[in-house]
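Notes follow the structure.
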Amino acid sequence: MDNTTWVVNHTGRSGFYLVGLFSQYKYPALLCVIVFVVFLMALSGNIILILVIYCDAHLHNPMYFFITQLSFMDVMYISVTVPKMLMDQVLGVNKISAPECGMQMFLYLTLGGSEVFLLAAMAYDRYVAICHPLLYPILMNHRVCLLLVSSSWFLGSLDGFTLTPVTMTFPFCRSREIHHFFCEVPAVMKLSCSDTSLYETLMYLCCVLMLLIPVTVISSSYSFILFTIHRMNSAEGQKKAFATCSSHMTVVILFYGASVYTYMLPTSYHTPEKDMIVSFLYTILTPVLNPLIYSLRNKDVTRALKRMLNGNFVL
């Protein structure tokens, strides 16, 4: 191997090749159409939900403020991976440069980490609303809501700023093919020709800490919520509380379950096919389900949507 080839192989300047989701299926064109439709549904669903909440004064409260932030994150999250994947399939190109790969990695780590903490903030909001309703306007005032949201973004960006530079500075001298449809950290690390065991251990500990705090907040909040609901005398109050909390728990289970599989299970449990399916679940499917979960199961949102369609805005 001459010096030029060695430099190209070890600096990552030649970029990477995304094997992609479509190469795993017999009818890639059909799957491409399905992913495109899902992408449009995610964009339209989340944008409509944001507009409905913004245009209706009845929904100007902390819970719906957090939901708009979640929808905004989902719009960005799915836009980081899917457009590139669809364009590669249409144009027949699957190459991604090292800077593009690093940027994609940073964005999805930041957005994913931010959403993890935002879901914990949403659980705390429901805890205060159900367990301490009289103190709710004080404990969840506008300033507190802004602090919780900005903290979620900040902590998520720490994840991106921490993992991305380290991952992308490893020497890559094996095959340049990433067996994934985007630059996910574990998939990229498999291409490194150096020993990454220490880094993988540190990444595991980082993910444990990142998930431990939100999971503690969420589990504690819902334990108190369930206890409070059990003591309610009003059947209607119990039903409304269960409806709100079950919607949130559905989102939490989907997102956290996929995150635990991707970053906390040993490599022996992973295969490229499984990894792509799980990643499809939390990067593409979850952004579609979130607006459905928070709109179809929420009477306030459905009423606001009807008023919006009829032109009866409540500003």
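Cβ coordinates are placed from backbone N, Cα and C, and glycine is handled just like the others.
Annotation source TrEMBL lists domain 'G-protein coupled receptors family 1 profile' at 45-294. Annotation comment: TrEMBL describes 27-52, 64-82, 102-122, 134-155, 202-229, 241-264, 276-296 as transmembrane segment.
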Exercise for the section: Considering only the recorded stretches 27-52, 64-82, 102-122, 202-229, state which has the highest number of Cβ pairs under 8 Å to the transmembrane segment (276-296). Expected result: 27-52
Exercise for the section: Using a Cβ cut-off of under 8 Å, list the residues of the same chain at least 6 residues beyond the transmembrane segment (64-82) that approach it. Expected result: 35, 39, 42-43, 46-47, 49-50, 53-54, 104, 107-108, 111-112, 114-115, 118-119, 121-122, 125, 145, 148-149, 152, 181-182, 251, 283-284, 286-287, 290-291, 294, 301
